Amino acid sequence: MAAAPPAAARSKPVARRIALTGAAVAALAVAVLLSLAVGARAIAPTAVLDALLHGGQSDAAQVVRELRVPRTVIGLMVGAALALAGTALQGITRNPIGDPSLLGISQGASAAVVLAIAFAGVHELTGYVWFAFAGAGLASVAVYAIAARGRGGATPVKLALGGAAINALLVSVTMAVLTTKAAALDEFRFWQVGSVAGRDAEVVAQTWPFLLVGVVLVVSVARGLDALALGEDVAKGLGQNVATVRVVGGLGATVLTGVGVAAAGPIAFVGLAVPHIARAIVGGDHRWLLPMAALIGPVMLLVSDTVGRVIFPPSEVPAGVMTALIGVPFLVTLVRRKAVAA
Amino acid sequence: MGKASFLVHRRSVWVTGILALLLAATTLAYLCVGESFVPPTEVLKVVLGQPSPDELVVGTLRLPRMVVGLLVGAAFGVAGALIQTVARNPLASPDIIGISQGASALTVGALTFGVTSYAVLPYVSIAGGVAAAALVYVFAWRGGLQATRFVLIGIGFAIALRSVTTLFMTKGDYLVAQQAQIWMTGSLNGRSWPEAELLGSTLLILLPAVAWAARAQRTVTMDDDTATGLGVRLGRVRLGLVLLGVVLASVATGTAGPVDFVALLAPQVARRMTRTAQIPLVSSALTGAVIVVLADLLARRLFSPTELPVGVLTAAVGAPYLIWLIVRSRTVGGKS
């Protein structure tokens, strides 16, 4: 991140981008504070800080430390993971509607997890995260293979339709399992919507190594994604190995989606909306774009989660529902732009 | 045919006849096969209203459920045929572009808030479906309607509406959630005469409109200039056809949940059999009915004693077909 971008002529000045990144960090701090303070029991921000820094045995301190901190940390991790996955997908497919949920990748991970819970007797996150990876990988390869066949290659509409078809197929598999194993339904229905509620510190400890691997994979191809944005031929001319960039980036996106789904269930549209917001803020240079996406993703997820806690008391609206409702206007705007639908 | 003669496509007549026979065979099989096998002679006795020892199994349990399945399938078939005709694209079927999801979202919402009256729910479903269609239409309109944009926005709304449905489900208690979850995949389990009668009478009311649609459909398949030159008010006809399709799909969804892909599959299969330029309505209805009744028969027996929702089976057939369409299509990638 330290080196000045070579393509400075077409992108924004470094000082401004540093300032904007600083603003995003501030926004994230506010979102984290809100997520810690707001809920069924509102706690003053000063009390939150007090509980974090000095401990204490009051009820408020207990609520913050035991319930809200793990939930917020999971929100941070999943938000960043999905946003990075979306950015990488949009980069490698050169396609503005790349999103793990729209392309059926999240559903692939989630179907694999359901199968693991139902048949392999796996109940630990460290166990089913592998199934999530496998499911996400298979689904992404399948969708891309379907869309790339036929005329015109992998156009947005074919990718989205392929995603819808794979989605429908996997939902049908999941439903078949769930109806024959009705006991799992109640436990499963909260997880399936995509929620960060009720996750404890253990989940955090189990998730972060995988998250790290995914982040490293995606960041390592940042330059390659930049070159790919100029077109496949130009990227080759610039000395990039396009196939390696695609494979490594795709692997990274798959791992990140798998981690996100294993930790919080499929959460829709974070991977679609965030990269576009980030691109509008810092431009298309992936060495700036990826960190910005990783900052904005958690903001979107945490705000969605916080709003979901207070909108219909006493019940909580899962974060995944809120992000889907926020994400659709984005999809609509993107599709209404002429460039996408062609 | 006298004065009111009209063109009859000979192959279409044959296909319709064969489909009708196929449907009869499927329904007979549906009524015979189950937990206990009932011989066809007894089934016929029950259907004809004569006394029989199998009155309960066939007349009370299987027959109403089969009638609902048959009507739902026919409604989805016609709905798909109408919407696909206007859109000139098989992908614009009600379960892909969010109409079924709109109907389910509002229906599950009504269930969660304690509306359980079967007299009210169909209207709720229709309202949901029409609202979803209107939303997709408004947002996809940009100085014209482009098929790819329409489909993309429809898919987006379908996802959003599905999460609205889950939103209502997490709000409701466990019983409502389980009921809604099964209903959402499309299920005919426990459907009895009141539902069958309601669905039947609603479809009967819509029958004149379908008859109009069968004629109007022909004008829409002409190119715009020819149709306008012949004095057809294309805009209105299209709107009417789509509205009828949306209402039919919503009514069917309201009764059985979104039985996925029947509306996509039935018209395409029917058209391939008749080989006509336009999508045949009667054959689509028959094909839809055969698909749903057959799928429900399998859903009952495949993992017996556990029953699957019928939507699981139709999706298992329909999704690969959609994939095949995408792979084969020359039009999906570009303009319609």
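For all residues, glycine too, the Cβ spot is worked out from N, Cα and C.
Annotated in TrEMBL:
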type     : residues  : note
TRANSMEM : B:63-83   : transmembrane segment
TRANSMEM : B:95-114  : transmembrane segment
TRANSMEM : B:120-138 : transmembrane segment
TRANSMEM : B:150-169 : transmembrane segment
TRANSMEM : B:198-216 : transmembrane segment
TRANSMEM : B:237-257 : transmembrane segment
TRANSMEM : B:277-298 : transmembrane segment
TRANSMEM : B:310-327 : transmembrane segment
Stretch in B:63-83, B:150-169, B:198-216, B:277-298 most in contact with the transmembrane segment (B:237-257), if contact is a CB pair under 8 A: B:63-83
Residues from the same chain, set at least six apart from the ends of the transmembrane segment (B:63-83), whose C-beta lies under 8 A from its own: 23, 27, 30-31, 46-47, 92-94, 188-193, 195-196, 199-200, 203, 210, 213, 217, 241-242, 244-246, 248-249, 251-252, 255-256, 259, 262-267, 270, 279-281, 284-293, 296, 310
For the transmembrane segment (B:277-298), sequence-distant contacts whose Cβ falls under 8 Å of one of its Cβ atoms, 6 or more beyond its ends: 12, 15-16, 19-20, 22-23, 26-27, 29-30, 33, 65-66, 69-78, 80-82, 84-85, 188, 210, 213-214, 217-218, 221, 259, 262-263, 265-267, 269-271, 310, 313-314, 317
Long-range Cβ neighbours of the transmembrane segment (B:150-169) (under 8 Å; 6 or more residues past either end): 87, 89, 91-92, 95-98, 101-102, 104-105, 108-109, 111-112, 132, 135-137, 139-140, 176-177, 180-181, 184
